[in-house]
Structures are given as C-alpha cells and as structure tokens.
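K.L.:
This is the structure, below, for whatever I ask next.
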Amino acid sequence: MITSTETGGATINGGGCRWCSKNDFLPEESFKSWSNYFKALQECKTRLNDRLLARSLDDTELNQIRSRSRHSMKKTLTWWDLLWFGLGAVMGAGIFVLTGLTSREQAGPAVVLSFFASGVSALLSVLCYTEFTVEIPVAGGSFAYLRVELGDFVAFIAAGNILFEYIVAGASVARLWTSYFATLCNHSPDGFRIIVSGLGENYNHLDPIAVAISIIIGFVAIASTKGSSPNPNNLSDFAPFGVRGIFKASAVLFFAYVGFDGVATMAEETKNPGRDIPIGLIGSMVITIFLYCLLAVTLCLMQPYTMIDVDAPFTMAFQTMGMNWAKYIVALGALQGMTTVLLTNIIGQARYFTYIGRTHMAPPWLTAINERTGTPVNATIVMTIANCIIALFTNLEVLSNLLSISTLFIFALVALALMVRRYYVTGETPESDRNWLIGFLVLIVGSSVVTMVYWAVTDEGWIGYVVTLPVWFFATLGLKMKVKEAKSPKIWGVPLFPWLPSASIAVNVFLLGSIDVPSFVRFGVWSLILLVYYFFVGLHASYDAAKEADREANATRMCTAEAGIVAQPA
C-alpha cells in the first residue's frame, strides 16, 4: 500500500513512489514558478545572512525534523548489534587490500605503526561522535550535529562531503571485491575489467562486477537492516621509507577505519542510545585497531615488504608460501568481509541522505520510509546508483585519497562542533567567554593547519613544530582554564575534555598533509560544485522549509495558549 503525507509543503510517498513529480523534488515556495525562483535569487544575500549561522536545536532535530518522514525507523538494535555493525562497517577492504599498497610503496613493515596512528585518530573521532550520538540520537549523524552547533551552511558543506565519503567508500570496496574475486578464480583483477583506451588513465578500467555486487547489496539493504610460517628477518628493514612514509601511509590507511560513523546513523533505530551507542562505537573501534595491527604484522612476517602483492596481499602471501588451500580460504573471508562493508555502507549513507532530505537541503522525496521494512527505500536506490557509477570507472588510489580528505575534514569539524557545544549556548554564554572561545579555537585550528602545511612542504627540519605545537597546547590549556563550560553532557561525555577533541582536530588536520596535491584539486572541484548547488537550490529550499516550520511552531503555540485560556475557570 502506498501512502503519502504533507511535510513542509512536500508530498512524500511513504513506501517508495509509484510516480514522481516536480513537487516531490522541489516542493518549496521558491520553486513554484520561475517568477518565485528569480525573486528568491534576488534575495540571496538576505537569505544567506539568515541561514549562514542559523543553529538548530536538539529538540528540533529529535522531533520536528524526524517527523518529516511519515513512518519511523524501527527501534530494534542493541549494543551487541551496534558492536558487530561497527566491525562489519570497518573490517574489510582497508586491511585486505590497502595493507599491500602502503607496506610495499610507502611504509614497509612499519605499516603497523601507520595503522596504529590512523587508528588513534579514528578513536579520538569516535569519542567525539559518541557524545553527540547519545545526546542527539537521529539518523543524520554528523550532519545533524553540525546543524545544531555550527549552523546550516557548514552542515550543508559537511553533508556534501559525507555523501561523497560514503559513495567513494562504497565504490572503492566494490572494486576491491572484484580484485579478490579474481584471485579466487586464479585471474588478474584486470582480467575481469573492460579497458577503454579512450578514457583517462585512472578511469579507463571499467568494472562491471563492482556494479553488479553494488546492485545486489542495494536490494539487500532495502529489504532489512538488522596462521602461517613467520620470518622475523622480514622486519629487519622496519621503516625503509622513514617517518614520512609512515604518516603518508597512515593518511591513506584512514580509509581502513571509515565506516564507524555509519553506526551513528543507526541511533534512531537503537533501543537504548545512552548505553548501547558508547559500547557499540568505542568497543568496535578498539577491537578493529587491535586486529588491524595484528594482521599487518602477520603479513609482514610472511613476506618481505618488497614482495607483497598490491591487489590481494594476504591471498598471494599464502600462495607464495605454497599454501594454496589457505589462499582460497583467505579470499573467501575477504569477500565476505567486503560484502559486509558494502552492506553497512549503503545502510549508513541511505540514512544520511534521508535525514538531509528532511531538512530540504536535498529533495524531500528522499525522506520516504517504507512502512513494512522501516527502511529508506528512495535514498537507498539513489545512493546505490551513485556507487555503481563511481565504481565502474575510478581506480582505488584515486578513491582512497579522496575518501581520506573528506573523512578527515568531517571528523575535524565534528570535534570543533563538540567544543562549541560545551562552551557556547546562545543567549546564555557571556560575550567575554564567547570572544575567548573564538580566539582559542582560531589558535587551535590555525596551529593545526600550519603544522600540516609545514609537514607537507618540508622534508627535513623541526623548527616549525617548536612554534606550532606549543601554540596548540597553550590554546587548549587557555580554553580549559579561561572559558567556563556552558553545557554538560547529560548521559555520556568525552573524557579529558577539551584535550581529546582538540587533539582530534590537530591529528586529523595533520594527516591531511600527507595526501597528494591532485586529490586536493579533486576535493576543491567537488566543494565548488557543492557551493553552486547551495546558492542556486539548497539555500532557498532550506530557507523556505525553515520559515514554514517557524509558522507551524507559532501556530501551535497560539493554539496552546488559546486552549489554556478557554480551560481557565470563570
């Protein structure tokens, strides 16, 4: 049965739609006619001033925004489910493939340190996410957190990068699935791809198997949510590429930890968010870091780093040692792990997209929740199609670097937003505290950026760190000593606040300095596309939706007040 509801002027088909019209995608007043649209463009400056720093409220995100989907997501998950969901979202492509690439070309056996460094960075981000997720348990994840603390504009830019992160991650894992499937069949990965000479070098190996597995996983997501002979001598040349190689590999290996933020999008379906989310998020990340480091050491003990296969390192390591039977077991395990990652990835990204649609920054057609399955059907279909397109064309190296930039950028923003949340409450925080807060945050972010740039452009030398690191330290200390916390966490808070969120900003920004320049250019192009969409569509849609929500809230308050007057005795 197909039902529909009015949400902020939009008719949303609750169970996936039989037909779609313009009103499903652009229902806002600004898009009713060309004259309305041109008028909206003329008011662009006024609307931007209104929305640029407009902060949402916890209650708005928890109730008003969530209600814009006709049906609710089913609350069926416990901490045990979230723990396994976190492991399933993370354990897979990164360890099974990128270990080979980074150990052979960037870090050598010291890849274990690269995994540890990127794992610590991810763990710091997990702690920040956990406090937010417990306080605001909605499907919007970091998008909702940034709307509340840093305003609509920053949240929109983050939203675009969140979706980009998920699409790139899904496409990467899908292509890696092909690589391991090929080794299982005793073929080269390119033997299952179509090479088109007319396309660019990094985009001419078309991967139909990646498309097929993405489509299969998409259907599953719509249906439901719920040993070797080590040689220690191989470690003798432990860090052949030096410290720079370790951190360069660490920036790429951050890809291996992407996915845990998908657990945050499951908060809306969690029975007891205050208990289950901290256990699920933190527990899965600690286990993942341990397993990654253990597997990396095992691989490097099995083979010299110069002999590790880039496409399927663990499978080929067993084959090289004459253990062909183990090769097939490992390949099957890798395929199972990557299939799980693909499933959890599409589940997470569909929920992000659904929530963004609820705010009208994306078409509200995406907010549809199927009444029977409790899953966001329309968003899942759209994201599956996007995954297929990217997976068909783009190679792993391009995808992994792009993914790391988007992810590190988002994680730094979430840590910044958490510090704003603790120290600034509109209308309550004294102006002097607000000014100190701004100053210290500028120093923390600025010193982190300068450290990153210095690392990126300087092969040797340490004098720059003597300046930037003390600035970061004393800015964080000043924040702790000088500014009074305006809000305390109700259930679970980040320990050692504000040191851990500040360290998360510093580490995430620092790792950006190890990513190649072409990846930043691609990231810049994507950011430009986001800005164009925002100024021509997103700004006006979200402005209209916000004004409509204000009118509805005012009408509700007036009705409540009138009812209270009538109820009073004569």
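In case you wondered, yes, glycine gets a Cβ from its N, Cα and C as well.
Annotations in TrEMBL come from automatic prediction, not curation.
Since this is a predicted model, take the numbers as computed values, not measurements.
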K.L.:
According to TrEMBL, which listed range is transmembrane segment: 77-98, 143-164?
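P.N.:
Checking TrEMBL against the ranges 77-98, 143-164, the transmembrane segment one is 77-98.
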K.L.:
Do the transmembrane segment (402-424) and the transmembrane segment (279-305) share at least 3 Cβ pairs closer than 8 Å, excluding pairs fewer than 6 residues apart in sequence?
P.N.:
no
K.L.:
Pull the DSSP breakdown for the domain 'Cationic amino acid transporter C-terminal' (492-542) and write it out as helix, strand, coil residue counts.
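P.N.:
Once the DSSP states are binned, the domain 'Cationic amino acid transporter C-terminal' (492-542) shows 40 helix, 0 strand, 11 coil.
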K.L.:
Same chain only, please: residues at least 6 beyond the ends of the transmembrane segment (523-543) with a C-beta under 8 Å from a C-beta of the stretch. Say none if there are none.
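P.N.:
Sequence-remote neighbours of the transmembrane segment (523-543) are 26, 28, 30-31, 37, 40-41, 44, 47-48, 50-51, 152-153, 156-157, 160-161, 164, 359-362, 402, 405-406.
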K.L.:
Take the transmembrane segment (462-479) and find every residue of the same chain, 6 or more past its ends, with a Cβ under 8 Å from one of its Cβ atoms.
P.N.:
419, 423, 436-437, 440-441, 443-444, 446-448, 450-451, 454, 498-499, 502, 506
